[in-house]
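One structure is given below, encoded as structure tokens.
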Amino acid sequence: MSVSQRAELGQKKPTLAKRIVGLLWDSLDDKSEEEHRLVRRLDSCYLIWACFYYFVMYLDSTNISNAYVSGMKEDLNMYGNQLNWMTTYWTIGYIIGTLPSQLIQMHIRPSLWLPLLELVWGALVMCMAAAPNVKTIYAIRFLVGICEASAYPGMMTLLGNWYTPQELGKRSVIFQQSSAAAQMFSGFLQAGIYNGMNGSAGLKGWRWLFIFDGIISLPIAILGFWLIPDAPSNSRAFYLKDVDKQVAQARMDRHGRARASGITWNKLLKVFTHWPVWVFVVPYVAYVLALHIASYMNLWLKSLGIYSVAQVNVIPSGGYAIEIVCALVYAVVSDAIGKRWPVIMFGASLGLLGGILLSVWNIPFGLKYFAWYLTFAPVGGGALLFAWGNEVCSNSAEERAILLGWLNTMGYIFNAWVPLYAYPANEAPQYKSGYKVNAALWGVYLLGIPVVLWFSKAFPTLPEEQCHTEEVVTGKDVEIPKRINEIIRWQSHVKGLPGPRGLPVVGNLPQVLSTFSAEQYRKWSETYGPVYQVQLGNIPVVIVNTAAAAKTLFLTQSASLNSRPLFYVFHKLVSKNVASIGTSPWDESCKNRRKLAASALNRQKVQSYEPIFLRESREFIEELNRASQDGTRDVDFKAIVHRLSLNLVLTLNYGTRVASTKDLYHDPLYAEIVEVEREISRLRSTSKNLANYIPILRLIDPVLAAVGLQKTSKYNSEIGRRRTSYNEELLRRLQEHVYNNTDTPCIQGSVLRDPESVALTRNELLSISLSMMAGADSTQPTIGWTLLFLAHRPDIQNHAYNEIKSSGVLKHDQYGTGEVEYIRALVKELMRFYTALPLAMPRQTLTDAFYEGYTIPKDTIVFLNAWGCNRDPDAFPDPWAFKPERWLGNTDKHSHQFAFGYGSRMCVASHLAFSLVYTVLLHLIAHFEIKPSSYDVNEKNSTIDPILGLKDPTALTASPIKSTARFIPRSKEL
């Protein structure tokens, strides 16, 4: 109820003093009496407890510095960077514990989890009093860090569960500033203990500090079991009545603060492909690192030699007092004006001034004191940044929790090592570069806040009426981010061609990476048409989604779309010396290699390889039968299919083969091939390798590799070297056999015997080999899906078996080469329905190409969405139904089969691949009745669903997640 409404109802107008108090503590806003009562109860019980909780946590985590200057250094014979390493070990534990703790709070009540951790860390802190050496301190500090990791992000998340945007800033800052109070109190406590307890019971004063800190923790932890309110939807806090919980939930609903529904892998992926976790992290990391400098003020004071131990501990308390006052002012102003960013930037400016003054160093004594105290002034901005994150991510409780935990984790990842280099202990207190680094970090912080503001305006996560602290951009204002985005994308788009709007720098990558990209592209075609553009990082890519559009571009303009793009990861690192035919740009060398390969793979030559198909198919059948023990056991056929696929490419390409499945892992050469080819498939993916599209990632490659986001450039180059190495060895062996006329008929042997091959370099010969080896990538998923599909569709399987019997091919010894029209149709439909390569190998325009009035400029990357084309209802009526019959009779639909790509650069081995799968399928159905595995009988839909059954939606090839079935012989004589 507003003040004017109260006046209309005859209520007494508040006094000036009350209005001032209301401004400072939101007690005269338009909340109802029920809301005021709820907030008072939360403030008096939960907020006060939370402040004591964080007070104790900070006391326990920072007392190491006080102990160091109060005798611990001398008693434990510490030297060099050992003080920094104590902090680093705590930080490592903190990093490891933060995100898991945030996720655990989604499943275990915070009122149980947080107090339990405090009990543990309190006990550990007391154990530090008995530490005989530095290594013991290291170990305990690491464990304390793990336990304390929950304190700051966990409590900030809980504050977001209860307080509205008008209230959250002040409460967040008050909670945070209890740490400053802890640091102030620690100084006085250490001074008191040093003077009063030093030597008592034979213990030094710094040891008593740890004991007292641990004792203080215990009652606070016990109270937490009753005072933490969890969330409005499930609170058991004794001081909240049912009506309070209902009011609290209504408040959160009104402000778009979503309830927690539990974390899943899909939600986790969406959080990490949403902008807040990446945009907030830069200023927050800079903030955490910049704050570190304030903790070295006592080292400067000690170096002066004019202060006692007690004074060295007490004087920095003035800085903490400044921190508290500034933080409270920031919070009040921020909540009053309804914005976080101006206040955050003002505080950061004070920190920048302090850093600059300390960088100069040789300044008057009083000014240096002033500079040190300025480093405390910006601290409250961190709590406001967390409050801002709480509000930006209001529509997902999981994202709020993960964002706050993620920011803390990333801040402390850098905090674990940057201080060791910026502030080496042997340079204290006049660090050569530390103060300059500090000033630079405040600069990064100041630049990062406007970026967060821009993203929150350009891509708001809340409806307009629910955004309180940062206004939503509407009307003409929305043109600003659009224009900025277009500047970033300048010359990085196809003029006029429609497409989904992307984010600056990353474009549409977050949308593509969070789902099955080929299906996302198909869905977008329903909005933007069959041909549109997306922005992958700073690269525009044209997506072709229908059969008719593919014909227009890839057939009628095949000369314009005959080349391949050069991707950074695969071409500049993995294949910098030699690339396969399929991934090579179009030039004279590629033309010659493709011509020779095509000659070795024409229909007539493919027929000559049929004995190889027969042999491998029959060995495949025999191995399945042995594994199934005559149909009595479930078979995990993954390794068997892998051996079949690898054998086929090795035999066809080099005339060699893997003798058994065990050799895949125990024979050094074959084990090397298996491992490297798996990595090659990952590195060829158009979705997984972000450095292809975002050049800046190439500059911070070691950092991304260190945190597990990608492999290093050196690793990727090494994979390419290893692939070249074993292919060179296989080629060398084959050349010896060809020279001695002892070779087995194979594709590379045919190339070597072709007179035109004399003109090929060794790298060009290797390129042909690499092309054949890549065939295993698509063969494995096709056969894997086939086995699962037949197991779950006995109607199709029985129909196929009856067709085989009626054709008469079973009467022939070599029936693997017989013609059964339905089996051919079944293979085509399997390849359409389970498109092994959902996004065909990308093309690049050699010249301008044209589509319905649009010009696709030269050097534009074009993706053929084979998955989308194979689900084009104009080409395939009822495309989501599995219908082998669509391929029977006189039909030209073979021209629309996109499993092997389309046009002049489609797979050169398409005839070979089709014949191979046909032969294997004919043998399978003739020999086995295939049934689901015993634990998969009720999961028909998900197992063989081409989307739900995917193992990795972002992989190059579409492989099934499951690989078990039961193979029952149709005859005892196999």
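Using the three backbone atoms N, Cα and C, a Cβ is placed for every residue, glycine included.
Note that the structure is a prediction, hence the values are computed from the model and not measured.
Marked as heme binding site by TrEMBL: CYS907. Look at CYS907 (heme binding site): DSSP puts it in coil.
The domain 'Major facilitator superfamily (MFS) profile' annotation in TrEMBL covers 46-466.
Summarising the annotation, TrEMBL assigns transmembrane segment to 46-68 (among others). Nonlocal intrachain contacts for the transmembrane segment (46-68), taken as residues 6+ away from its ends with a CB within less than 8 angstroms of a stretch CB, comprise 78, 83, 86-87, 90, 114, 118, 121-122, 125, 137, 141, 144-145, 148, 151-152, 155, 158-159, 162, 171, 174-176, 178-179, 181-183, 185-187, 189-190, 206, 209-210, 213-214, 216-217, 220, 223-224, 227-229, 237, 295, 298, 313.
The annotation transmembrane segment is assigned in TrEMBL to 88-105 (among others).
Taken from TrEMBL, the feature transmembrane segment applies to 112-131 (among others).
Among the features that TrEMBL reports, transmembrane segment is placed at 137-161 (among others).
What TrEMBL lists as transmembrane segment is 206-228 (among others).
Among residues of the same chain six or more beyond the transmembrane segment (275-294), those with a C-beta under 8 A of the stretch's C-beta atoms are 316, 319, 348, 351, 355, 358, 372, 375-376, 378-379, 381-382, 385, 388-389, 392-393, 399, 402-403, 406-407, 410-412, 414-415, 418-419, 423, 434-435, 437-438, 441-442, 444-445, 447-449, 451-452, 455, 459, 461, 503, 510. According to TrEMBL, the transmembrane segment annotation covers 275-294 (among others).
According to TrEMBL, the transmembrane segment annotation covers 314-333 (among others). Listed by sequence, the residues of this chain that lie at least six past the ends of the transmembrane segment (314-333) yet keep a Cβ under 8 A from its Cβ atoms are 23-24, 169-170, 172-174, 176-177, 180-181, 183-184, 187-188, 191, 294, 297-298, 301, 307, 343-344, 346-347, 350, 372-373, 375-381, 383-384.
The transmembrane segment annotation in TrEMBL covers 345-363 (among others). Packing against the transmembrane segment (345-363) from elsewhere in the chain are residues 287, 290, 293, 326, 330, 370-375, 377-381, 430, 435-436, 438-443, 445-446, 449: each is 6 or more residues past its ends and has a CB under 8 Å from a CB in it.
What TrEMBL lists as transmembrane segment is 369-389 (among others).
Proximity of distant same-chain residues to the transmembrane segment (401-423), defined by a Cβ-Cβ separation under 8 Å and at least 6 residues beyond the stretch ends, is recorded for 81, 84-85, 87-88, 91-92, 94-95, 98-99, 101-103, 105-106, 149, 152-153, 156-157, 260, 263, 268, 271, 276-277, 280-281, 284-285, 287-289, 292-293, 296, 385-386, 389-390, 393, 431, 433-434, 437-438, 707. Per TrEMBL, the feature transmembrane segment maps to 401-423 (among others).
What TrEMBL records for 435-455 (among others) is transmembrane segment.
Sequence-distant neighbours of CYS907 (heme binding site): residues of the same chain at least 6 apart with a C-beta under 8 Å from its C-beta are GLY582, PHE900, GLY901, ALA913. When pLDDT values are averaged over the domain 'Major facilitator superfamily (MFS) profile' (46-466), the model yields 84. Beyond the transmembrane segment (369-389), the same-chain residues lying 6 or more positions past its ends with a Cβ under 8 Å from any Cβ of the stretch are 153, 156, 160, 165, 168-169, 172-173, 175-177, 180, 276, 280, 283-284, 287-288, 290-291, 293-294, 297, 300, 318-320, 322-323, 326-328, 330-331, 334, 340-341, 343-344, 347-348, 350-351, 353-355, 357-358, 363, 400, 403-404, 407, 438, 442, 452, 456, 469-470. Listed by sequence, the residues of this chain that lie at least six past the ends of the transmembrane segment (206-228) yet keep a Cβ under 8 A from its Cβ atoms are 45-46, 49, 52-53, 56, 59-60, 63, 66-67, 70-72, 75, 109-112, 114-116, 118-119, 121-126, 128-130, 158, 186, 189-190, 193-194, 197-198, 200, 237-239.
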